[in-house]
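Peer 1: So that we are looking at the same thing, I have put the structure below in structure tokens.
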Amino acid sequence: MSTLSVREAIYYSAHLQLPDTMLVSEKRTHAEHVIQEMGLDDIMDTRIGGRITKGISGGQRKRVSICVEMLTRPRLLFLDEPTSGLDSAASYHVMSHITSVAAGEGMTVVAAVHQPGEVFELFHSLCLLAHGRTVFLGTVSDATEFFNLNGFPCPCLRNPSEHFLGTINKDFDEEIVEDSRYRRKTAAKAIDTLTNAYQSSAYSEKTTNQIIQMKEMVFRRERLSGHYGVTEFVISNTLSATPYLAVMIIIPGAILYYLTGLTRGGSNIAYFVVTLYMCIVLVESIMMVIAAVVPDFLMGIVVGSGVQALMMTNGGFFRLPNQLPKPVWKYPCYYISFHKYAVQGFYKNEFVGQTFASDQLIMANATITGHQVLEALQVEMWYSKWVNLAILFGMAVIYRMMFFAIVKVAEGIRPKMRRMKCSLI
């Protein structure tokens, strides 16, 4: 969203979230109304921006996020720090509009606020937390009486919210004083750590981890907001990765093909590149399935590397098929390894229809056919190389469907697990 203007971002979300029965003009009108409610009229055509590109302020970006969530007028709305980055006037303006909309639409708004200030008087119910424990839960009017009865009366001319937070976090200042002696040392250590991380190859791993986590966060947020579901995510993820994988394969594959002196021919080169592309797609598909089952990033890499190594070992390249132990290694590992079909496809693409001069001196003018080479490599010759390619394509589809099924099942199981956990607590 960093490249979109405020107007474009809200319009885009409105077109995706609002019902198809609404006209486009009605969606635009509704989006503009929500923008006006959040006081974003003056920056509607300003680019949102991000970490690299300059745009609107952090407080305005927060209000844009609230606009996106309020488009559908949800029955239950969670807001995390809705007033952060805003001055007191803007905070009161935003929260008053949210309160009025909630009252008019019958919405329940749950907001986590660390510095309530003047917006405290807009709250209907109050939940005070300290160190993960509930200190008070009830109406705002009952909170003052609760603190008075327990020996913590609110002084005159003091904001009740500041008194409540100051009371339950009384030891916060002591912790800051105790920790201040180590700040300089901690900062120097952090600088050294960042410098070493930047100079080492671990930087790319951290970046990859962040991208994967961001993709998962975006998917969960957009799915829960009604932007798209699991089906749309799987399809869009597949289509968006296609150009990147194609470029990554075509250029190195073409160079490799000519440097190794493989058989020249348009169909041979095309088959080689497409098969190589399908291998990369299969690797990505298998890793997606593993990532859906193993939520931890590092553990997923370990499991994925083990699965890939197992398939590669049993693919018929390091050991011929008849040399593999039949239990487990050949049945079923050899036949479920996509390396088997890729390697045999490459062999057929190179040797079928070829004739080579023999370097043996026993027989004059002796030749070796490509068919003989394939028999020596124990290649299955009762089907063509295009069948191998079709099998690779089918395996890619199966792995994508497995990923889809796992995500769908997990989508239904997680809420049940949370409810079960809450009931046990």
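Cβ coordinates are placed from backbone N, Cα and C, and glycine is handled just like the others.
Got these off TrEMBL a minute ago, pasting:
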- 8-84: domain 'ABC transporter' (DOMAIN)
- 214-351: domain 'ABC-2 type transporter transmembrane' (DOMAIN)
- 241-259: transmembrane segment (TRANSMEM)
- 271-294: transmembrane segment (TRANSMEM)
- 386-410: transmembrane segment (TRANSMEM)
Peer 1: Who are the long-range neighbours of the transmembrane segment (271-294) in its own chain, taking Cβ under 8 Å and residues 6 or more past its ends?
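Peer 2: Those are 212, 241, 245-246, 248-250, 253-254, 257, 262, 300, 303-304, 307-308, 338-339, 342, 345-346, 349, 385, 388-389, 392-393, 395-396, 399-400, 402-403, 406-407, 410, in sequence order.
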Peer 1: Who are the chain neighbours of the transmembrane segment (386-410) in space, where the CB to CB distance is under 8 Å and they lie at least 6 residues beyond its ends?
Peer 2: 230-231, 233-234, 238, 271, 274-275, 278-279, 281-282, 285-286, 288-289, 292-293, 338, 341-342, 344-345, 348
Peer 1: Which value does the mean pLDDT take for the domain 'ABC transporter' (8-84) in this predicted structure?
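Peer 2: Summing pLDDT over the domain 'ABC transporter' (8-84) and dividing by its length gives 83.
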Peer 1: Which residue counts does DSSP give the domain 'ABC-2 type transporter transmembrane' (214-351) for helix, strand and coil?
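Peer 2: Split by secondary structure, the domain 'ABC-2 type transporter transmembrane' (214-351) comes out as 107 helix, 4 strand, 27 coil.
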Peer 1: Please count the residues of the domain 'ABC transporter' (8-84) that DSSP assigns to helix (H, G, I), strand (E, B) and coil.
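Peer 2: Across the domain 'ABC transporter' (8-84), the residues distribute as 40 helix, 6 strand, 31 coil.
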